[in-house]
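First the structure, in the form of structure tokens, and then the observations on it.
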Amino acid sequence: MTDRYAVFGHPIGHSKSPRIHAAFAEQTGQKLCYDAIEAPVNGFAGAWQAFVDAGGRGGNVTVPFKQEAFALAEVLSPRAQLAGAVNTLLIGEDGRLHGDTTDGVGLVRDLDAHAAPLTGARVLLLGAGGASRGVIEPLLEAGIATLTVANRTVSKAEALAALFVGKGDVTGCGFDRIEGPFDLVVNATSASLAGDLPPLPDHLFAADGLAYDMMYAAEPTVFLRWAAERGARSVDGLGMLIEQAAESFWLWRQVRPDTAPLRELLRREL
Ligand code: ATR
């Protein structure tokens, strides 16, 4: 029987995950199918159970269900515990529901693919929501020197930084207190979605600085355009999406797909 996987979200219509996982399956010869399931806003647990009852083996979870998936999982990976969110679920060999998150490793792998300087880097992370929280520990693990978390609501930046006391040099502040320069600036706010730009100081980037937006679109986001005008190299989040998917695929199938062909294919289709 073909193993079933799916991504759960609301809305889910534009998800690229089915396309990515179908390509990974074809490339690696794995027999599986992967659907997109739109769960009702307060009905993630029920939708997941119905999927498992119908033979579902594992899934991805996206907005707005990452915290519900976290609460539902019976076994959490250390990185999911630190992130406070789950984007990958699987029924383990022990029969229990395992939750993990692959977003952070997806970001770090994509930064590697773009030859971003991580070791010893001064990094600014914009935003203090779930997207930010999920990438902090993997960035620290990658050997960055300092991490500044800047957010519109300052208390959220400070609270997020406080979670990482003892794990690295992490501080939280408001946009008006940002002190650069930075080797890497990651936009993890949802401002790009609305075409907004957080209020940022002009001299943000070090020489060879890199701007990374977790969002992606056919055209560069407002943040990436702003950064490019200030001489920074700019990269959008399409590669992060593909790399987090590859890590989920690995968790389910113990097979690592080659992400390079997908990068080209999805870029052309944007
Ligand atoms: P996610 O899970 O995507 O991180 P979230 O938890 O809702 O979503 O967090 C969204 C983040 O984007 C927050 O840091 C939010 O700032 P606040 O905490 O002050 O709300 C930030 N954000 C959203 N719109 C923004 C805007 N127009 N300008 C600056 N920051 C914005």
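All residue numbers here begin at 1 and follow the chain in the order shown.
Any Cβ shown, glycine's included, is placed from N, Cα and C.
Copied over from TrEMBL, here are the features:
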DOMAIN    7-89  domain 'Shikimate dehydrogenase substrate binding N-terminal'
BINDING   S15, K16, S17, T62, N87, D103, Y216, Q244  shikimate binding site
ACT_SITE  K66  active site, proton acceptor
DOMAIN    117-192  domain 'Quinate/shikimate 5-dehydrogenase/glutamyl-tRNA reductase'
BINDING   G127, A128, G129, G130, A131, N151, R152, T153, V154, S155, K156, M214, G237  NADP(+) binding site
DOMAIN    237-267  domain 'SDH C-terminal'
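Here the features listed in TrEMBL are placed on the structure.
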residue	record	DSSP class
S15	shikimate binding site	coil
T62	shikimate binding site	coil
D103	shikimate binding site	helix
V154	NADP(+) binding site	helix
Y216	shikimate binding site	coil
G237	NADP(+) binding site	coil
Q244	shikimate binding site	helix
Count up the helix, strand and coil residues in the domain 'Shikimate dehydrogenase substrate binding N-terminal' (7-89) according to DSSP, in that order. 35 helix, 20 strand, 28 coil
Result for ligand 1 contact check over binding-site residues G129, K156, G237 with Cβ cutoff under 6 A is G129, K156
What same-chain residues, at least 6 away in sequence, bring their CB to under 8 Å of the CB of K16 (shikimate binding site)? L241, L266
Under 8 Å Cβ-Cβ from the domain 'SDH C-terminal' (237-267), and at least six residues away from its ends along the same chain, one finds 5, 16-17, 19-21, 23-24, 27-28, 30, 32, 57-58, 60, 87-88, 90, 100, 102-103, 105-107, 109-110, 113-114, 212-216
Please determine which of the binding-site residues listed here (G129, G237) has the lowest count of neighbouring CB atoms within 10 Å. G129
Which is it, of K66, R152, K156: the one of these recorded positions whose Cβ has the most other Cβ atoms within 10 Å? K66
For K156 (NADP(+) binding site), identify the closest of the binding-site residues S15, S17, N87, Y216, judging by Cα separation. N87
Over the span of the domain 'SDH C-terminal' (237-267), how high is the average pLDDT in this prediction? 97
Note: in the chain of V154 (NADP(+) binding site), residues six or more apart in sequence with C-beta under 8 angstroms of its C-beta are G172, C173, G174
What is the maximum Cα to Cα distance, in Å and rounded to a whole number, among the residues S15, K16, S17, T62, N87, D103, Y216, Q244 annotated as binding shikimate? 19
Local backbone state of G129 (NADP(+) binding site), from DSSP in three classes: coil
Around S17 (shikimate binding site), how many other C-beta atoms are within 10 angstroms of its C-beta? 23
Taking all protein chains shown into account, the Cβ-based neighbour count within 10 Å for Y216 (shikimate binding site) is 21
